[in-house]
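Here is the structure we will look at.
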Amino acid sequence: MMFRVTSVGCLLLVIVFLNLVVPTSACRAEGTYCENDSQCCLNECCWGGCGHPCRHPGKRSKLQEFFRQR
């Protein structure tokens, strides 16, 4: 009887431990706020948001932004 109680206790401890580990290692999905690459699931933090691939503005988008400001 003592062996069965110990096994159940160990099983419950393992379940509790797994529930504690999962939330601490969760990564952030694409489009959510981030501060560095390690926070994102795709390891790409671009200008405060998780994204893949990291999109850099080209000449066309810079030109459109220039005309929007005028």
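Glycine residues also receive a Cβ, built from the backbone N, Cα and C atoms like all the rest.
When GLU30, GLU65 are compared with the annotations in Swiss-Prot, the one labelled 4-carboxyglutamate turns out to be GLU30.
For CYS41, the disulfide partner named by Swiss-Prot from the candidate list CYS27, CYS54 is CYS27.
CYS40 is paired in Swiss-Prot with CYS50, the candidate among CYS50, CYS54 named as its disulfide partner. Across the disulfide-bonded residues listed here (CYS27, CYS34, CYS46), the residue whose Cβ sits among the most other Cβ atoms within 10 Å is CYS34. On its own chain, CYS41 (disulfide bond) has CYS27, ARG28, ALA29, GLU30, CYS50 as residues at least 6 apart in sequence with a Cβ closer than 8 Å to its own Cβ. Under DSSP, CYS41 (disulfide bond) is assigned to coil, being neither helix nor strand in the three-state scheme.
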